[in-house]
Amino acid sequence: MIMELFHTILAIVALILSSAVVSSAEISLASPRKLKLQSLANKGDVRPLQVLKLQEHPGRFITVVQILLNMVAILGGGIGESALSPYIADILNRSFEGSWIAPTASTIAFILVTCLFILFADLIPKRIAITYPEMVALSVVGIMNFSMYVFKPLVWFFDTIANVFFRLFRISTVREDGMTSEDIFAVVEAGAEAGVLKTQEHYLIENIFDMQARTVTSTMTTRENIVYLDRTFSRQEVMDTLSRDSHSKIVICDNGLDKILGYIESHTLLTMYLQNENVVLTDPKLLRKALFVPDTLSLYEVLELFKSTGEDFAIIVNEYALVVGIVTLNDVMSIVMGELVSNEEEYIVSRDENSWLIDGATPLEEVTRVLDIAYFPDEENYETISGFMMYMLRKIPKKTDSVVYGKYKFEVIDTENFKIDQILVSLVKEQE
């Protein structure tokens, strides 16, 4: 009798272990990260490739899992209830009498076996598979491939019926594994929150992706701020301009910015003046040809142009061939570096925890990051916070004009001609 009980317990343990393997396979083979598996496969392990192959045809894998789970459950219930109930009844008969003992023993045996299967054949293995999907998947993929071979006729039968059902109702069974920019942002965000990525690395990655979305006008020096020399300037006018506004390169024009002849390296010009040389601003040996780019290019495209041409300075023109600004390699790279570098003049200055002073030329991306605003209305129509104010007010803003958007109030506090210089942003209570 003891040997029979031992054999029964051994059979139940074997069934629980079998069910645990299948349950863990059900979770682990469906959840491993494709990139992680490919990385493991590149190290020479063939098991990740087997997992990837199973993921390409999930129907057959799911079918064999369900066949095995149901077989084990039926066997476990039958063996457990019929084999254990006599022993439980014998224990009850030692203390009690009555016709209720047999059905009670069967119920106790059923509950006991069910609890064992739920705990050790389902919950624990699935929790382990969720926590270590790649490790568990690599451990069980061989067993599952063997099971699919053994039950191939049944797998084919059930999988065919399921496919007919899907085709009948036009349900796609193709798994979409395409990586989008949103997926990458989510992974980066999760890495930053988990501490895998440092704060600086987080900013760098986000800013690199911003380069494709942002146009060159978001970081250019605008037309009214361009420092230039006219070809007719005297030596004193040139020296006064250079002493007032020091830049490594300076634009040479012919009667205004809309006729740019090229640019000159400031240090070369100053060196020639210090050596008392006769300087002609239009001298071909001194004047360099400027790179002109349309204002529709993204920062990434401008960076590629700088790379291909060897230039680090470009003139930006609009569709009417009017100069709207200039951009340098340093301007583009400052977008990548973001908050890792300190600008001489910050676009956004925090007055206190509930208010900020913002330069009118601040790109929307900077405002959304600092104020944690998800998006601005119709933001494809403008690129700066000044453009947002004009769009919302539907007029040229003047002092004290304000806009309430979300939980913030945007108020114009300084203008110059038609340009917004500064905006005061304050936190307001949301209207109920």
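In case you wondered, yes, glycine gets a Cβ from its N, Cα and C as well.
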Under Swiss-Prot, the annotation transmembrane segment belongs to which of these stretches: 61-81, 313-333?
61-81
Sort out the residues at least 6 away from either end of the transmembrane segment (2-22), same chain, that have Cβ-Cβ distances under 8 Å to it, and list them.
65, 68-69, 72-73, 75-76, 79-80, 83-84, 87, 113, 116-117, 120-122, 124-125, 140, 143
So what's the average pLDDT for the domain 'CBS 2' (286-345)?
84
The domain 'CBS 1' (220-279), counted residue by residue under DSSP: helix, strand, coil:
22 helix, 16 strand, 22 coil
